[in-house]
Amino acid sequence: MEYRSRSIHKSTSIMISAILFLFLIHTSHCFYLPGVAPEDFQKGDPLKVKVNKLTSIKTQLPYSYYSLPFCPPKKIVDSAENLGEVLRGDRIENSPYVFKMREPQMCSVLCRITLNAKAAKQFQEKIDDEYRVNMILDNLPLVVPIRRLDQGSPTVYQLGYHVGLKGQYTGSKEERFFIHNHLAFTVKYHRDPQTDSARIVGFEVKPYSIKHEYEGKWSENTRLTTCDPHTKHTVVNSNTPQEVEANKEIIFTYDVEYQESDVKWASRWDAYLLMSDDQIHWFSIVNSLMIVLFLSGMVAMIMLRTLYRDISKYNEIETQEEAQEETGWKLVHGDVFRPPSNSDLLCVYVGTGIQFLGMVLVTMIFAVFGFLSPSNRGGLMTAMLLLWVFMGIFAGYASSRLYKMFKGTEWKKISLKTACLFPGIVFAIFFVLNALIWGQKSSGAVPFGTMFALVVMWFGISVPLVFVGGYIGFKKPAIEDPVKTNKIPRQIPEQAWYMNPIFSILIGGILPFGAVFIELFFILTSIWLNQFYYIFGFLFLVFIILLITCAEITIVLCYFQLCSEDYLWWWRSYLTSGSSALYLFLYATFYFFTKLEITKLVSGMLYFGYMLIASYAFFVLTGTIGFYACFWFTRLIYSSVKID
């Protein structure tokens, strides 16, 4: 009940953040991102250390920090999270750690607890699942520096520290669980020599497990013999670790060290976002460009050589006998613009694809300009959701324009389908996945208040905008076909095996997927292995290459299809490039079995559920690109020939 009331309390702030997000972007300073302006600290100023969720790449189920019996503050205060943070499972709360700027601390005792059987079991389960503790100081996440063995290589940072570790005592084969109960924090700061104020530019930790000892009975003033600042006895290793057992006491301690740094505040995220494998990304770009050049050559050959020759030949035909002898794409001119079967569904999917394309393009532009950096936690997801909602007007416009071309009259029906079909399917899958997360009592479960906010955004903003777009699109004059359609459909001749619809559709998806699969590896790694992804410049280039590849492969296969006198190109053009989503899902399955260590059934269901949503969205996006490319191509070639 406490969790639900807290979630309902949050829903107001989530709605406000959703409505004001775009306004904040416009009113923010050109350099600093909204909400992350620098803060200056004088010597002795208190620093607020906050705790975030516990995360594990083995279970993919986040939990709030205080779901484990760690040392709590006098009163746990929940920070207001934006929409994206809540959906990511972030639960940011205050902590009992007391830091004072540039005042080092040694062996500060946080608290002493005695674990009961239930608490000990909880700790053991989280250690076994390799959970990490995430903390935040001045909007910087806590990292564990890992220095590579080879000289000259940059330090690698891992987000958060492990709750504990597993091991055996010497001479014993029984596996034991040990908790990291001593944290050696390092706060890096950049000092302004004129004002003597400082800005925080780094937040690191080295965790240790140590069985603390003391003399006499425990009191507030008890001095530890294992960690004593008076005798300069500090914790430097985990040689005598603290085991997690029922009815055993654990003393939590911490050190705070301050280091002056040359890194300026504006560059403090550079170390976190350091990508050591730029060469692989350049290889990805070159690989994708090779595919594009190959396809562009094919399209150029078709457009300039074959089509030019065909059009010249068709326009020179004088007698009816000569026309009857001709074969090829001109023969199906009377059927090529015949409305397809299930034309309503095609209109809906094309409209949804336009909505998705607009959302992705604008999101990437914002990301490339730095508005959606990791320092703006949850910003990327919030922006994508809001842009999806506001792009509804383009979805309605695109679907109703196509619908009117197919001689449709009920624009309200098509607008309603466009507004509800794709979001409805995604929401249904999301709801089932959310129920699974609720069952695991994870903080990743979207609270009732947030779920209500999402439904309000969908039906309160998106649906009306789709109807506005549908109304505008339907009021426009219908798109005229360049040639007349015959009343009686022409019989399609028997096709060669390689022109079989299923075969050509599956072949068509290989190249678009091939253009993005290397970058896809890094995206999956950032999502499922809890790493930063901030190479949106590369991603934007790959995305543009993907659009070109989808368009070109569809045009090439559409031309071959029309040449074999098969005029059923509407759905096939959509499915040809859209089939790349099938390869995306197959690659996600390969990634699951080769790169991830997920063993729990619920975690596996979450992975495949979310990847199914991603693949479905990819299908809608790439299918729409292929459809519009083919639509433009057919109108171009059939408007270039004389039809008697």
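Any Cβ shown, glycine's included, is placed from N, Cα and C.
Positions annotated as signal peptide by TrEMBL: 1-30.
What TrEMBL lists as transmembrane segment is 282-304 (among others).
Marked as transmembrane segment by TrEMBL: 346-372 (among others).
With a threshold of 8 Å between CB atoms, the same-chain residues lying at least 6 positions outside the transmembrane segment (378-398) that come near it are 17-18, 21-22, 33, 81-88, 90, 350-352, 354-356, 358-359, 362-363, 366-367, 371-372, 415, 418-419, 454, 457-458, 461-463, 465-473. According to TrEMBL, the transmembrane segment annotation covers 378-398 (among others).
The transmembrane segment annotation in TrEMBL covers 419-439 (among others).
As annotated by TrEMBL, transmembrane segment applies to 451-474 (among others).
Taken from TrEMBL, the feature transmembrane segment applies to 495-528 (among others). Residues 57, 60, 280-281, 283-284, 287-288, 291-292, 295, 535, 538-539, 542, 545-546, 549-550, 553-554, 557, 560-561, 564, 566, 572, 575-584, 587-588, 591, 595-596, 607, 622, 626 of the same chain lie 6 or more positions beyond the ends of the transmembrane segment (495-528) yet place their CB under 8 Å from a CB of it.
Residues or ranges marked as transmembrane segment by TrEMBL: 534-562 (among others).
The transmembrane segment annotation in TrEMBL covers 574-593 (among others).
Non-local neighbours of the transmembrane segment (605-633) in the same chain are 60-61, 346, 349-350, 352-354, 356-357, 360, 422, 425-426, 429-430, 432-433, 436-437, 508-509, 512, 528, 546-547, 550-555, 558-559, 569-570, 573-582, 584-585, 588-589, 592, 596, 598; each lies 6+ residues outside the stretch with a CB under 8 Å from one of its CB atoms. According to TrEMBL, the feature transmembrane segment maps to 605-633 (among others).
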Given 346-372, 419-439, 451-474, the one sharing the most C-beta pairs under 8 Å with the transmembrane segment (534-562) is 346-372
Grab the same-chain neighbours of the transmembrane segment (574-593) for me: Cβ-Cβ under 8 Å, and only residues 6 or more beyond its ends, written as numbers and ranges. 346, 349-350, 504-506, 508-510, 512-513, 517, 520-521, 524, 528, 550-551, 553-554, 557-558, 604, 607-608, 611-612, 614-616, 618-620, 622-627, 629
Run the contact check on the transmembrane segment (346-372) against the transmembrane segment (419-439): 3 or more C-beta pairs under 8 Å, excluding pairs closer than 6 in sequence. yes
